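Here is the structure we will look at.
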Amino acid sequence: MNKNSSNIMALAPNTSNKRETVCIFGTGDFGRALGHKMIQSGYPVVYGSRSTQISNLIPKDAEVLSHAEAAQKAAIIIIAIQRQHYNFLIPLAEVLHGKVLVDISNNMKLNQYPESNAEYLAQLLPGSKVVKAFNTVSAWALQSGTLDASRQVFVCGDDVEAKQMVMNIVRALGLTPLDKGSLLAAQEIENYPLQLFPMWKFPIFLSLGLTAFFFFYCLALDVIYTYIYENNNFSFFIAITIPNRVCPVMALILLALVYLPGIFAAIIQLYRGTKYRRFPDWLDKWMLCRKQLGLIALAFASLHAVFTLVTPMRAFVSWRTSKGIISQALNNKTEPLNNTNAWLSDSYLALGILGYFLFVLLGITSLPSVSNNVNWREFRFVQSKLGYLALILCTAHTLVYGGKWFLSPSAYKWYLPNIYILSLIVPCAVLVVKFVLIFPCVDKPLTQIRQGWERNPKYSK
């Protein structure tokens, strides 16, 4: 008897794993997508709607009832409607009392209202337990299943138990909940999807400004100057030649700007003799956007590689080559190979290829999917050691190619230096200072400071 009963118990389904019914107010795109995803995860779903007629858009396994009837069937109610329609919930206050209300709404612009939508909902229904969640996940991602880029779900609320119930649902859907604390964090969570590349603004504006400066700089020297003083119309340089000069210059300068704030930070820490004092705000912001600066630099380097590959197909290059061949034929003289120029040409090409290879490696390791699979020491080795090596190779590439213009008077049109001379100022300064910082007499005290030693303990934390 006992044996048979134990067998029955072993074969019986585990009713504790049964999913609780979830109610969704709203049958829009997100409400339907979220309901479909929940049904796939084993949740019974009931929709609360003004119209109880079954539509082809509603998941077939879901039930559609009036708002009051649907709310009575579930302890968790997802409010998939916009803030301006929340007033219809007020007559349902008695039915919603004690229920967990999940606010998933977003606004049209940052800080559109004095309080967050979730806080406003909590004010309308003080007897309910309001939790903010799911507002950073798109309906398209839920429908298509491409949640890799938006797997993280921010959750906040004042009731710990209610928040835990919502986080359990998030996990069941294959997403990752991140507890942001009380409902006071809802404003920040609602602003998050509205931010347009917040860490990219400074790098993009800086890149656009420098690109415009170097473009017009080259335009003045290579097109306008030659037209005025040499009567040559090289306006077609705007299409390929000038961009192929601006792109490598921008790539080199931006790569140097990735490592320049680290140089400033080391100098400041050596000067202060402590690591427990904050850096200036401008340096903090600069250091936070180094990844973006590096990726933009990689984009410029890639454009430079493409422009260089199409150079032999240009009409100007074909004309100049044929002109040289005809000139040698008319003079019945063949110019011998200049071994020095051949070495210089092969050297700067080899340096450029190696530098670009490391450049791409830096970009790949900065991707979250890659950086999450390496430890801190490996990441630091690639981004720091190999990063400086890439800077050295790219600087040498530019120096070998453009160094001949340093001492050439003809290169200083309107007494202005060539663009490649300007591009070497920041990288060379970074490398020189870094070379000084790795001296043992400098590196040792800097390492001690970063490990917690202080020259003057009164500045301790």
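The first residue you see is number 1, and the count goes up from there.
Placement of Cβ uses the backbone N, Cα and C atoms for every residue, glycine included.
What TrEMBL lists as domain 'Pyrroline-5-carboxylate reductase catalytic N-terminal' is 21-107. Across the residues of the domain 'Pyrroline-5-carboxylate reductase catalytic N-terminal' (21-107), the predicted structure has a mean pLDDT of 89.
Summarising the annotation, TrEMBL assigns transmembrane segment to 204-229 (among others).
For 249-394, the entry in TrEMBL reads domain 'Ferric oxidoreductase'.
Taken from TrEMBL, the feature transmembrane segment applies to 249-271 (among others). A Cβ distance under 8 Å defines the sequence-distant neighbours of the transmembrane segment (249-271), meaning residues of its chain 6+ beyond its ends; these are 203, 206-207, 210-211, 214, 279, 283, 286-287, 290, 293-294, 296-298, 300-301, 304, 359, 387-388, 390-391, 394-395, 398, 419-420, 422-424, 426-427, 429-430, 433-434, 437, 442, 445-446, 449-450.
Per TrEMBL, transmembrane segment is recorded for 292-310 (among others). Cβ atoms under 8 Å from those of the transmembrane segment (292-310) belong to residues 199-200, 203-204, 206-207, 240, 243-244, 247-248, 250-252, 254-255, 257-258, 356, 359-360, 362-363, 366, 394 of the same chain, restricted to positions at least 6 beyond its ends.
The transmembrane segment feature in TrEMBL is assigned to 347-365 (among others).
Look at TrEMBL and you will find 386-407 (among others) tagged as transmembrane segment. Only residues 6 or more beyond the boundaries of the transmembrane segment (386-407), in the same chain, are considered here, and those with a CB under 8 A from a CB of the stretch are 248-249, 251-252, 255-256, 258-259, 301, 344, 347-348, 351-352, 354-356, 358-359, 361-362, 417-418, 420-421, 423-424, 427-428, 430-431, 434.
Marked as transmembrane segment by TrEMBL: 419-442 (among others). Residues 214, 217-218, 221, 245-246, 248-249, 252-253, 255-257, 259-260, 263, 266-267, 270, 388, 391-392, 394-395, 398-399, 401-402, 405-406, 411 of the same chain lie 6+ residues outside the transmembrane segment (419-442) yet bring a C-beta within less than 8 angstroms of a C-beta in it.
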Worksheet item: Cβ under 8 Å to the transmembrane segment (204-229), counting only same-chain residues 6 or more beyond its ends: which ones?
Response: 197, 235, 237-238, 241-243, 245-246, 249-250, 253-254, 257, 292-293, 296, 300, 413-414, 416, 418-419, 422
Response to the item:
DSSP assigns the residues of the domain 'Ferric oxidoreductase' (249-394) as 122 helix, 0 strand, 24 coil
